[in-house]
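Q: TrEMBL feature annotations, pasted as is:
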type: ACT_SITE; residues: D427; note: active site, 4-aspartylphosphate intermediate
type: BINDING; residues: D427, T429, D861, D865; note: Mg(2+) binding site
type: BINDING; residues: D427, K428, T429, E541, F588, K611, R645, T726, G727, D728, R835, K841, N864, D865; note: ATP binding site
type: DOMAIN; residues: 41-107; note: domain 'P-type ATPase N-terminal'
type: DOMAIN; residues: 887-1137; note: domain 'P-type ATPase C-terminal'
type: TRANSMEM; residues: 83-101; note: transmembrane segment
type: TRANSMEM; residues: 107-124; note: transmembrane segment
type: TRANSMEM; residues: 303-325; note: transmembrane segment
type: TRANSMEM; residues: 359-381; note: transmembrane segment
type: TRANSMEM; residues: 922-939; note: transmembrane segment
type: TRANSMEM; residues: 951-971; note: transmembrane segment
type: TRANSMEM; residues: 1001-1023; note: transmembrane segment
type: TRANSMEM; residues: 1043-1063; note: transmembrane segment
type: TRANSMEM; residues: 1070-1088; note: transmembrane segment
type: TRANSMEM; residues: 1108-1128; note: transmembrane segment
Amino acid sequence: MAGGGKRKRLSLSKLYSFACGKTSLKGDQSQMGSPGFSRVVHCNEPDCFEAKIRKYSSNYVSTTKYNVATFLPKSLFEQFRRVANFYFLAVGVLAFTPLAPYTAVSAIFPLIVVVGATMVKEGIEDWKRAQQDIEMNSRKTRLHQGDGTFKSTGWKNLRVGDIVKVKKDEYFPADLLLLSSTYDDGICYVETMNLDGETNLKLKQALESTAFMHEDSYYQDFKALIKCEDPNTNLYSFVGTLEFEQNLYPLSPQRLLLRDSKLRNTEYIYGAVIFTGHDTKVMQNSTAPPSKRSKFEKQMDKVVYFLFFVLFLMAFIGSIVFGVATDNDLDGQRMKRWYLKPDQSKIFFDPKRVVMASVYHFLTALMLYNYFIPISLYVSIEVVKVFQSSFINNDINLYYEPSDRPARSRTSNLNEELGQVDTILSDKTGTLTCNSMEFLKCSVAGTAYGHGVTEAERGMAMREGESVNGWDQSKDPSAANPHIKGFNFKDERIMDGKWVHEPQAHIIEKFFRLLAICHTAIPDVDEETGKISYEAESPDEAAFVIAAREIGFEFYKRTQTSVAVREYNPETGSKVERVYTVLNVLEFNSARKRMSVIVRNEEGKLLLLSKGADSVMFERLAKSSRSFEEETRNHVSEYADSGLRTLILAYRELDEEEYRIFNQKFTEAKNSVSADRETLIDEAAEKVERNLILLGATAVEDKLQEGVPACIDKLAQAGIKIWVLTGDKMETAINIGFSCCLLRQGMKQIIINLENPEILSLEKTGDKDAIAKASKENVLRQITDGKALLTGPSGTAEIFALIIDGNSLSYALADDMKHMFLDLAMSCASVICCRSSPKQKALVTRLVKIGTRKTTLAIGDGANDVGMLQEADIGVGISGVEGMQAAMASDVAIAQFRYLERLLLVHGHWCYRRLSSMICYFFYKNIAFGFSIWLYEAYTSFSAQPVYGDWFLSFYNVFFSALPVAALGIFEQDVSAASCLKYPLLYQEGVKNLLFGWRRVLHWLGNGFYTAIVVFFFCSTALQHQAFNPDGKTVGMDVLGGTMYTSIVWAVNLQMALSVCYFTKIQRGLIIYCLVMLYIFFLGFGSLSPSLSAIGYKLFSEVLAPAASYWFTCILVITVALLPFYAYSAIETRFFPMYHQMIQRLESGKHDDDPEYCDMMRQRLLQAPTSVGFSARLAARANKLRRKNKNQPQ
């Protein structure tokens, strides 16, 4: 690295005059030792007695749901909190008593299989999390051994007080106090992308008292004592003191290096471990892996509760009727139910003990009617969900080839929730964006340059069916040169030195010279190739320097007091080297919204070069330099509407006296240690940054991931609300909002922040209680004002966006204010939360989840998003450049945000449709079977004698009805994938829960009761009081049971055939298999000895098959049982169609001869007005154009 060693010895404090101020011992440091500030760290002495008695946590981190000790009890609890599993556990216990109408093994074995299979699945999923933890804890770092040497060790071995050495591009293994670095003044650069999502580098600086210790040997005898705050969730605060060589030094957040942030642009640093493991700030912001249960499953439990009520009611009615009948059994010497032999009964039919007989009958009935509660439902759902997850994992349309990453469904418990998402809460950096800035366009002297096109513009053009009239170097295979990171600009008017021929060439020269000088980037020259790369605090700053280089102004060297630029000389046509002396750097911050440098050129002129937001720069222009201000404003507005980040560039010349006065005041302000130091600096800068001369504007694209605007537009059309939760600054987040079409020109913005004079003045006093009280009142007032805007004059059709910063959010999430905040947010079309900590992201997610009671989905790619992913109903991790922490903590992992469209609209809808149909059908077939048993019980005065034999009872759910319903859950498709994407409104079936709401569930339950009634009464009536065969024999329980059993098996399987939309060969084959197996079972079981087959002995071959009345009765019963469902479906489809039924009719083409009807259905399906997305932006433009034309005079 050319110049690398020399550069590392530069003292850069002067360049960072705002960031590297001194900290006073006054204020928070006085709290050391009080509650909340009790941590004591003995540096380089982790084994001393004082350190050991404090028993700080180790650096081992676990994110698993279970461990060896808790797996069995916790997993069993998870299984038996399912009400059906608990019921079958109770039934299994009762099965070991004489009350059971069947053997104990047949009752308990299915439960063991169901619970065991689910526990194995849970264990495998958690083991994958444990493997990730093992990998994390085994990462290597260099630990001081006590003799001035450092050796490699695992992260998990670190203890509080250890001294570690971290090298460039490595992650910090714990929260460290920065002691020194390879820079003389102890500064280092840190990337906190994993913590707050920001890609710009943060500057950290060690104390002057330890900054000299930049060699291993210095730490052999190093001893120091740190007293600081206890572990907490605040990423942006740290209070403590360092006692070193009998001197006390204050500590601030600038000295703290947080775990999971990365060292950049610095060869190595030394640090003392302060917080370890779960005490680190990133882990304090994380939450324990939750036990997620889908709303679908919870509602299924409610249906099971309802069936329990019906079961208990039937058992209670039966026991009452049985008790009354038993009490009347003995009338003197006459026995009414002589076949039950009540005179010989000990308890069950003893007329002398009627009450106990009724109680025992009640318990027996609970076991006999357990077919109402399908135990196989849960294991069937588990199997079906595994197949559904495999479809997601193997979907080629969700595979990202550049990184070789397919989609991964990491837990199958929540598949159906993907089809019911109401709100998406998304991270920004790495999720919506690519973590890169590209110089795309510029406006110089009122002339627009650059032919680039943004993702937002590309999406709008596709929506309108137009070609994209723009250029993208990264997508242009004909480009002569390879794509340059940070530079996506093309304009033949100024490229390749042609700018010299432009009418305003002198302004263009000053414009790009300003970009080459006004920054704090550091050049890095490759010794082998001579190519220059740049290390900058922010990616947009790097993009500016690269753009200047490509146009002909190459920044190639920086010293402590100067920058060197190779400039294109218009006169000679060659490059000349110029050196500019850097006198002052006035840094950018959120209040100033601009950055300036004061330099002296080789001619001795003093120049103030400034770049900043249009909101602060236009007002600082000199009145004589506004000749092309209007054109520049128009260009800036166009750039912003395309989602580009804009900055205004301006300059002025200073005279020597003016600069002398400024520099004196600025130097005094920098060296001030008073509370109003920042104000003094701002005032000094304010006086010099005025009367500027406008040069133009830059337009940089915070590069969105491919397809993000189109995906957001489609999700918005599906009725899904989208929130952005980011750790970035408000300006950055707003720009991205425009880029991805969540914001648009004309949308009213409700901005909630605490940057007002009242709060700023209170902050100078340091009165925390007063600041907190005033801040809370201020946020409450802003929320109230926002709600008043929403409820403004009737008839207004204004669309609002809510934008709130992290400080305000901490008050808005308080218990007494959070519901007001949520009401305001849910009434806005877009919500953007800026400067949000990981904990705040999780709290916002929880608020939306609990407050709306709708399904929430969180999506992110960094460790700072883990809490949010775990708190949401569904967590989707992006397996991107920020590592795999989010992906490993997620429920589903995808490689790109745009895949969310297919994941939700296709797989989500299909999974919801499949499971809702499967569960409803499961309840239907079990009620049809179980209620027929109860009806026969009622017919026989509840004698606890089932109409079907034991093996008939057992095999009904195993061989004769199980496989088709499983195939329904795996393969069912109501519409094609293309139609799911074409008609996103279809997704609302899941959001509104139309397919598994109580109305639909009761419809299927009613159909089950109806089928059982038809089967029993038609069979019993048709076969009663007549000869059943030529021998003149009448019907007994065996014949009636066989006929009813045949009718039910046929009815439920044909019902399946009627309700399936996607009738595959597998589905058809399984239905036929079940029906064929029925007769094979009849024949095979009937051929066994009478002691095994009992009433089934030769039942079919010798009794049922030869009898015509058996076949006639079955056909009649099946037809009558299915007719109402067929009629209802036909009427609903024709006159009251649901979304999927409309699409089915359009796909089938059956109504091509009725174009008006088809157009009506298409309009209903496409009628999805949205407030965000480029569709909404196009609609807003069209409305604006219509209003303009309407107002024009005819």
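Using the three backbone atoms N, Cα and C, a Cβ is placed for every residue, glycine included.
Keep in mind that TrEMBL annotations are predicted by a computer and have not been checked by a curator.
Give me the local environment of each listed feature.
A: Other Cβ atoms within 10 Å of the Cβ of D861 (Mg(2+) binding site), summed over all protein chains shown, number 34.
Counting same-chain residues at least six beyond the ends of the transmembrane segment (83-101), those with a Cβ under 8 angstroms from any Cβ of the stretch are 107-108, 110-111, 114-115, 301, 304-305, 308, 360, 363-364, 366-368, 370, 373-375, 377-378, 944, 946.
Non-local neighbours of the transmembrane segment (303-325) in the same chain are 83-84, 87, 336-337, 354-355, 357-359, 361-362, 365-366, 369-370, 372-373, 919, 923, 927, 934, 937-938, 941-944, 1001, 1005; each lies 6+ residues outside the stretch with a CB under 8 Å from one of its CB atoms.
Residues 303, 307, 920-921, 923-932, 935-936, 939, 1035, 1039-1040, 1043-1044, 1047-1048, 1051-1052, 1055, 1109, 1112-1113, 1116-1117, 1120-1121, 1124-1125 of the same chain, all 6+ positions outside the transmembrane segment (1001-1023), place their C-beta atoms under 8 angstroms from a C-beta of that stretch.
Note on the transmembrane segment (1043-1063): residues 917, 921, 924-925, 928-929, 932, 936, 947-948, 952, 956, 960-961, 964-965, 968, 971-975, 1007, 1011-1012, 1015-1016, 1018-1019, 1023, 1071, 1074-1075, 1078, 1104, 1110, 1113-1114, 1117-1118, 1121-1122, 1125-1126, 1129, 1140, 1144 of its chain, located 6 or more positions outside it, place their CB under 8 angstroms from a CB of the stretch.
Sequence-distant neighbours of the transmembrane segment (1070-1088) (same chain, 6+ residues past either end, Cβ-Cβ under 8 Å): 951, 955, 959-961, 963-964, 967, 1042, 1046, 1049-1050, 1053-1054, 1056-1057, 1096-1101, 1104.
Under 8 Å from some Cβ of the transmembrane segment (1108-1128) lie the Cβ atoms of residues 1007, 1010-1011, 1014-1015, 1018-1019, 1022-1023, 1026, 1028, 1039, 1042-1043, 1046-1047, 1050-1051, 1054-1055, 1058-1059, all in the same chain and six or more residues away from its ends.
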Q: With every protein chain in view, how many other Cβ atoms are within 10 Å of the Cβ of D865 (Mg(2+) binding site)?
A: 34
Q: At the level of the C-alpha atoms, what whole-angstrom distance separates T429 (Mg(2+) binding site) and N864 (ATP binding site)?
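A: Distance (Cα to Cα, whole Å): 11 Å.
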Q: Measuring CB to CB from R645 (ATP binding site), give everything in the same chain under 8 Å that is also at least six residues away in sequence.
A: M437, D540, A699, V700, E701, D702, E731, T732, N735
Q: Between G727, R835, which of the binding-site residues has the fewest other CB atoms within 10 angstroms in the structure shown?
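A: It is R835 that, of the binding-site residues G727, R835, has the fewest other Cβ atoms within 10 Å.
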Q: Rounded to an integer, what is the Cα-Cα distance in Å between R835 (ATP binding site) and D427 (active site, 4-aspartylphosphate intermediate)?
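A: Cα-Cα distance, R835 (ATP binding site) to D427 (active site, 4-aspartylphosphate intermediate): 11 Å.
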Q: Are there residues at least six beyond either end of the transmembrane segment (922-939) with Cβ under 8 Å to its Cβ atoms? List them, or say none.
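A: For the transmembrane segment (922-939), the list is 303, 307, 314, 318, 321, 365, 368-374, 377, 380, 945-948, 956-957, 961, 965, 1001, 1004-1005, 1007-1009, 1011-1013, 1015-1017, 1020, 1040-1041, 1044, 1048, 1051-1052, 1055.
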Q: Taking DSSP states H, G and I as helix and E and B as strand, how many residues of the domain 'P-type ATPase N-terminal' (41-107) are helix, strand and coil?
A: 32 helix, 3 strand, 32 coil
Q: What is the separation, in Å, between the Cα atoms of N864 (ATP binding site) and D427 (active site, 4-aspartylphosphate intermediate)?
A: 9
Q: Just to be sure I understand the packing, how many Cβ atoms besides its own are within 10 Å of the Cβ of F588 (ATP binding site)?
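A: Result for F588 (ATP binding site): 21 other Cβ atoms within 10 Å.
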Q: When the number of other CB atoms within 10 A of each residue's CB is tallied over all shown chains, which of the binding-site residues T429, N864 has the maximum?
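A: Neighbour-count leader: N864.
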Q: Give the distance between the Cα atoms of D861 (Mg(2+) binding site) and F588 (ATP binding site), rounded to the nearest whole Å.
A: 28
